[in-house]
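Shown next, in structure tokens, is the structure this report addresses.
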Amino acid sequence: MSILVKNNIHWVGQRDWEVRDFHGTEYKTLRGSSYNSYLIREEKNVLIDTVDHKFSREFVQNLRSEIDLADIDYIIINHAEEDHAGALTELMAQIPDTPIYCTANAIDSINGHHHHPEWNFKVVKTGDTLDIGNGKQLIFVETPMLHWPDSMMTYMTGDAVLFSNDAFGQHYCDERLFNDEVDQTELFEQCQRYYANILTPFSRLVTPKITEILGFNLPVDMIATSHGVVWRDNPTQIVELYLKWTADYQEDRITIFYDTMSNNTRMMADAIAQGINEVDPNVAVKIFNVARSDKNEILTNVFRSKGVLVGTSTMNNVMMPKIAGLVEEMTGLRFRNKRASAFGSHGWSGGAVDRLSTRLQDAGFEMSLSLKAKWRPDLDALELCRQHGRDIARQWALAPLPETTQKTAPAEEITTCAAADLGPKMQCSVCQWIYDPALGEPLQDVAPGTPWSEVPDNFLCPECSLGKDVFDVLATEAK
């Protein structure tokens, strides 16, 4: 099945609704993906890219239903990765002499995957053209390291379509092909996820390359990507977003992620978040347990954030393995213009937080002071965590924050008001976790200042996951 893109250009790619892992298992494609291949029928017939190798046979069969394979004059390979050029072996078995236009680096990659050095390769570089008849040409633009050394884009004159390779794409599967036809929230979420997890390391290359392409002074009516939608409605909107994302991007957002063995580090994360919110309620704070969260969502939030707090328990004197792996991935992504702080709990010796701080600094983050707690944090330790959050909120503020002021009411009056307004603290009889009405439980949408009587009946203890019926009034407050 083909889809008309524009005039004599048809999409002949493959949708992949089921794929959930990309680049091994490093990228979770939660909304599937597509492998976009395009067939151009002018005086010359041109195929731009193929599909993932697992769809090779199906792709060639479908292509044969669109055109006699022998009538394909040229094959353009913008990128040699297997999700772009994976069907070449199956296709070239049918038309072995058809010329393949690609960069010099692509020949090495294609031969490395397919092992056919005898194929009819034609090397192109930036500014080279290929006449396809009817007054139209293909213009080639090398885009090395966006995101492989072999990458290039292809521009078609007359129709003003830019075949952009991986740039401006997204792992997003939909029966509809064009950007104006799909759910806009989903689309732009996947665009940002794609950029944050794949193209961030090459941000410094993106702006010069876009500037170079714009320097050709060629109109762009459509951007036909290798994955996801074709941008036909205001295609420059995604270009403008890329230029924004390349500029050491950050929002007024803080990401907290952690791993924990006994919930001690989780308690610290909650308290730090409370402190941040207390001082700067306008900053967005997102908390993730790495063992229970989508790694790529965490990394996308780091990309969006002005700073990140990373927590780990100590295990054999080092950080938890999932934290170590995620920090290593952040090192490779080379985030810029971001601050960081390490925190965590330990038992007898510690070591993980210091190691984590060093790794975050090596990853290019501007470091703030770290925070450690021994064993399970008590009320005093949790207050230190909240104070750490308050300090972080002030240090990382994008604009000066108003000084917090407290009313100087007598201590007896404050105590009386608190008791009268909020009621007693409650303690879980199973794990001893304490609910403080003054603090609430933000992770369950229980706001600070919520008395126990107003806590929803479906409330669960954050540590042992049991319900309200196992809670008793804290012994020190029982009358």
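Including glycine, each Cβ sits where the backbone N, Cα and C put it.
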One of HIS53, HIS147 listed by Swiss-Prot as binding Fe cation 1 at the site of HIS79, GLU81, ASP166: HIS147
Given that Swiss-Prot annotates ASP166, HIS227 as binding Fe cation 2, state which candidate in ASP71, ASP73, ASP83, ASP97 belongs to that site as well. ASP83
Give me the CA-CA distance between THR260 (FMN binding site) and HIS79 (Fe cation 1 binding site), in Å, as a whole number. 41
Which one is closest to CYS428 (Fe cation 3 binding site) in space, judged by CA to CA distance, out of the binding-site residues HIS79, GLY347, ALA352, SER357, MET367? GLY347
I need the nearest neighbour of ASP362 (FMN binding site) among the binding-site residues ASP83, ASP166, CYS461, using C-alpha distances. ASP166
Around the C-beta of ASP166 (Fe cation 1 binding site), how many further C-beta atoms are within 10 angstroms, looking at every protein chain? 23
Under DSSP, the domain 'Flavodoxin-like' (254-393) has how many residues in helix, strand and coil? 65 helix, 36 strand, 39 coil
What residue among the binding-site residues GLU81, ASP83, ASP362 has the most other CB atoms lying within 10 A of its CB? ASP83
Please report the distance from the Cα of SER357 (FMN binding site) to the Cα of HIS147 (Fe cation 1 binding site), rounded to the nearest angstrom. 29
Secondary structure split (DSSP) over the domain 'Rubredoxin-like' (423-474) reads 9 helix, 10 strand, 33 coil
